[in-house]
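See structure below.
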Amino acid sequence: MANVVVIGAQWGDEGKGKITDLLSKSADVVVRYQGGVNAGHTVVVNGQTLKLHLIPSGILYPDTECIIGSGTVIDPEVLIQELDQLKLLGVSTANLLISETAHVTMPYHRLIDRAAEELRGSHRIGTTGRGIGPTYADKSERTGIRILDLMDATTLQEQLRWAVNHKNVLLEKMYGLPPYDPAEIIAEYLTYAERLRPHVVDCSLKISDAVRRRRNILFEGAQGTLLDLDHGTYPYVTSSNPVAGGACVGAGVGPTMIDRVIGVAKAYTTRVGEGPFPTELTDQLGELLCDRGAEFGTTTGRKRRCGWFDAVIGRYAVRINGLDCLAITKLDVLDQLDEIKVCVAYEIDGERCEDFPNARRFARCQPIYETLPGWKQPTDHCRSLEDLPPQALNYLKFLAEIMEVPIAIVSLGAERHQTIIVEDPIHGPKRALLPASPVPVPKIA
């Protein structure tokens, strides 16, 4: 038995969907523990591309129980669209469960999200505009509407009338926008309630029962460590806790129930939206990474900013999450490069900094690089470490050494089979993967 958390070790978009999909084969239960439709993961199976925002990747395995936990915020309209999309592809959703205590995103949340971002002007934070922040704000203010409220028509009507009237004041007075008609929203969401009702349960009991029965549980995080509300690059963060500790709160399990934490990181770095990005490449090389990596957001379609691998934020993710191992994705994107740089430290006001700094200092960081040779040949066909070009293997060893954590999985493309499993990241021995000892890495002057 193993209870495993999968988290993003960068700014999100690391390829967690594919890794979770691979690991779901060994899982009895997959739990999404935070975030909402601001996250998106793409899974490719037999040439079919699935873009999901709320439903866990494990839905592709009919014997795997998939849970949307209480720490998430759910947009019912989007969730139903995903259910319909899966049905068209012949994927059963009978194994999907929705926590009755998860909060619900309303139309006014989306409108307020976009209006507030517009009002920030030059201080905008790069929100997706999907209403996530305002939904979590209502949760914190204890005025939010939960799934269990959605399931009771009388309660929903009472709460929505009050909520809509309250939000209309904000929309009209602060943002100069027209008010909502409570009756229209009530009618719309009562329809959603009937569609989702068969999936709604007390998920904390389901998860507790799975733990008691020693079933394999996979906790799936959205976004990434550097977008964490408390530990990320504030204020350019999300409104929840994607870090491993968030799994306990968002799923309703004790910390002693977690056996292993797996971090997912690209072989380079990307970021969407605003905020400092020390290793960002704004030249043709950045465009090359964007084109080869198809770096456009699953949720917003926005172009991602691209840069070299940043081991400083990587080590920070290892520390904050207690990572046991790493999955490195999109190694194949680097196949055409003559040389590859890795940020090993920062220079801040003339001083070397090897630890992740506070937000004010982070905005002044200049990267300090180590340069490694590229391999200039395709890797997407490789299925073992022995198949990799020596320079590619050296690059992975260097990342593992500088991050001080072993690499368990290497992804070389979007398809399931384009993967090297170094060792079973769920059942394999902890910290016994690549590399076992420091590895000398040739460098280009």
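All positions are counted from 1 along the displayed chain.
Cβ atoms here come from the backbone N, Cα and C positions, even for glycine.
Small disclaimer: the values here were computed from a predicted structure and weren't measured.
For the IMP site, Swiss-Prot gives Asp13, Glu14, Gly15, Lys16, Asn38, Ala39, Gly40, His41, Thr128, Arg142, Gln223, Arg302; the one candidate out of Thr154, Thr155, Thr238 that the record lists there too is Thr238. Calculated from their C-alpha atoms, the gap between Thr42 (GTP binding site) and Asp13 (Mg(2+) binding site) amounts to 10 Å. For the pair His41 (active site, proton donor) and Gly301 (substrate binding site), the C-alpha distance works out to 12 angstrom.
If you take the C-beta of Leu412 (GTP binding site) and look for same-chain residues 6 or more apart in sequence within under 8 angstroms, you find Leu331, Asp332, Thr379, Asp380, His381, Cys382, Gln418, Thr419, Ile420.
In the three-state DSSP scheme, His41 (active site, proton donor) is classed as strand. Of Gly40, Gln223, Arg302, Arg304, all annotated as binding-site residues, the residue with the shortest Cα distance to Gly12 (GTP binding site) is Gln223.
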